[in-house]
Amino acid sequence: MSQKHKMSYEAVQNLGSCCFLQSENLDYYSSSDNSSHATYPSVRTLEQYCTLESSTKNSFPSLNSPSTVSFSPNYSPLSKLQPKSYVLSSHNSLEIANDSLENESCLTHNDNELRHKIRELESAMLGHDADILDMYDTVIPEESHSFLLEAERWKKMMEMISRGDLKEMLCACAIAVAGNDMETTEWLMSELRKMVSVSGNPIQRLGAYMLEALVARLASSGSTIYKALKCKEPTGRELLSHMHLLYEICPYLKFGYMSANGAIAEVMKGESEVHIIDFQINQGIQWVSLIQALAGRYGGPPKIRITGFDDSTSAYAREGGLEIVGERLSALAQSYNVPFEFRALEVSPTEVDIKDLELRPGEAIAVNFAMMLHHLPDESVDGQNHRGRLLRLAKCLSPKIVTLVEQESHTSNLPFFPRFVETMNYYLAIFESIDVALPKENKERINVEQHCLAREVVNLVACEGAERVERHELLKNWRSRFTMAGFSTYPLNSFITSSIKNLQQSYQGHYTLEERDGALCLGWMNQVLITSCAWR
């Protein structure tokens, strides 16, 4: 029973000085179909028995009728008016709802004059209490309308479940979570658990992780979010192997790294010393192909110095710090006779200062932002624009080139539900592309999706504020940021574009590649996933 109806009902009960009220117990109606059952309480039917016998206590005349006078506001589509009943009219007079009473000598609903007299009598006897009845009468239609809307909503949800549209159900569950509708949330989650599977088709697999994310949103946030995941973190060596496998089976990272390296190699043709500042070096995979390419440069390779910033996930995967990356790259450079130097920086990119980079005269600087700028909190988080600050710092370095590789998704400052839909559409395209490379029953595919993609999904759906580190922006937004920082576009040449096209054709599936104003965009069918561009 709603609070408004409860207040109205109690108000009528308090009019004991007017007539004796007797009410029946609360009825319950049930609605069910073949798949699930839902029970809904109906509003209390107020069956009033009034007599013409005067109360000696109140000296208050009442209606005497052999028929039951039922105040039935018809809240539920399942409730029906009694064939002989009264309801409160908008003028606070007692009216006959349906058929006239059998004993028309007592009262007839067509007698307007008598009705007017009864209204005058009510007003004289009730006084200010008539206002309470007015309030009760006003609530009845409103509550009835609300109940009908609620019944219609549940009917539509039952139809949705019968259709088995998993995307539609995930969205409905997210709406319920956003509205703090726990009854609907719990019901939909119980139905979704029957439909999702980490070994099913792409939407079933993604749905399993998005459901976990919704559960985690209700249970915890931030640093405790991963405790709500059923898939436990692997050991460092296992996670590293999963990352390498994702790199091989999906062209997104390889595409981004190759296009960025092509731009760096082109602009550094005549340089003898190259200083690459990588603000998120991960496992150092990107620089393997660049070292190999510069080793075969006409006139000999330049001296290469790499300054790398780390992140906790990469360090966990390596089971160690950036010195491991430095050792691997140094060994590779030595095998190709390339002069090489590596320096690790443990300072956060949000706090780095130009003096921390230890610049040297004569070095040609390249700044690399590969899948990292979206991890920086923007001005919508705490008022500080760390992204703008880092871009202005890069501008102060006077680099020959700045490369940007980012996911083409808009999740930075979206409210929860639009962000949920954006996340679902984006990662569904990735899950579909993985199906082409690895069969559904492949255990490695399950591990890659759990440990490399599910974490991002959970962070996007379950976390808010500073605890949400996945905050993607579209290419047009990055263009605005780079332009405001003082950069101009560096178009990728035709050789780089043709190399990326050859890479695309080496993968099976519905991959798309297009060029937009000097930037390359790789996607799956109609969903652009990764963009790569260069600035100077």
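From the backbone N, Cα and C atoms, a Cβ is placed for every residue, glycine too.
Positions annotated as region 'Leucine repeat I (LRI)' by TrEMBL: 164-224.
According to TrEMBL, the region 'VHIID' annotation covers 243-308.
Annotation source TrEMBL lists region 'Leucine repeat II (LRII)' at 324-356. Counting same-chain residues at least six beyond the ends of the region 'Leucine repeat II (LRII)' (324-356), those with a Cβ under 8 angstroms from any Cβ of the stretch are 279-281, 283-284, 287-288, 291-292, 294-295, 301-310, 318, 372, 376-377, 386, 389-390, 393, 396-397.
Break the region 'SAW' (462-536) down by DSSP state and the numbers are 26 helix, 22 strand, 27 coil. Under the heading region 'SAW', TrEMBL lists 462-536.
Positions annotated as motif 'VHIID' by TrEMBL: 274-278. For the motif 'VHIID' (274-278), the DSSP counts in helix, strand and coil order read 0 helix, 5 strand, 0 coil.
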